[in-house]
Amino acid sequence: MPRLIFLGPPGAGKGTQAERLAAIYHTPKISTGDLLRAEVKAQTPLGCQAKVYMDAGELVPDEVLIGMVKGQLQHSPAQGWILDGFPRTLAQAEALEELLRELGQDYDHVLNLEVPDDVVVARLLARGKEQGRSDDADEAVILKRLQVYREQTAPLIDFYEARGRLRRIDGNQPMESVQEHLRALLEGFRRTA
């Protein structure tokens with residue numbers, strides 16, 4: 001079963017593609033956003049820790065996120081997993097590598113969905129209107145998110161490329177085309193493994 005990490009700017013389609021692959025391969029999709037919401041709602045110790053930061057409008061510390069991800073990775077080693085929204089920083093990527101070594105696991109591929117900024121802005125503005133998401137309805141907020149992505153997450157491309165695990169995917173095409181490309185890529189790797 002695949003063990004995948006999705007990267008790409010906001011609005012690239014990471015969540016959509018990760019969800020589709022998770023359904024096809026019967027593999028858990030691990031989304032840090034979903035994890036945070038679930039842990040906070042369940043009032044777990046990690047959720048209570050995270051809530052303090054979230055309520056203050058601050059980023060949840062890496063050690064809290066790593067704790068949540070660790071719990072999920074321990075539950076599904078044989079099924080594989082798909083990480084969506086994690087890691088977002090070099091420090092998180094390094095912590096994930098250490099965690100995977102500790103768990104005796106590894107990842108197969110890092111799938112980087114590449115989409116030009118103007119397309120990202122257009123997609124997010126459309127999503128903001130359709131879904132009423134305030135973080136996607138304001139172009140200034142979107143541009144700030146892209147800036148944060150370039151500063152914090154884009155360095156992961158070099159990190160994973162240096163490890164020979166990065167796969168660049170043209171995310172500037174219809175969802176179905178991206179999905180077909182991803183499936184062909186993964187099937188090709190399964191045949192050669």
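Glycine too: its Cβ is placed from the backbone N, Cα and C atoms.
The ATP site recorded in Swiss-Prot comprises G11, A12, G13, K14, G15, T16, R127 together with one of Q49, Q92, Q173, namely Q173. Taking only the Cα positions, the spacing between F86 (AMP binding site) and R127 (ATP binding site) is 22 angstrom. Around T32 (AMP binding site), the C-beta neighbours below 8 angstroms that are at least 6 residues distant in the chain are L65, M68, V69, D84, G85, F86. Of E58, V60, R88, all annotated as binding-site residues, the residue with the shortest Cα distance to G13 (ATP binding site) is R88. In this record, ATP is bound by G11, A12, G13, K14, G15, T16, R127, Q173; the longest C-alpha to C-alpha distance in that set is 16 Å. Per Cα geometry, R88 is the residue among the binding-site residues E58, V60, R88 nearest to Q173 (ATP binding site).
The two recorded residues, E58 (AMP binding site) and G11 (ATP binding site), have Cα atoms 22 Å apart.
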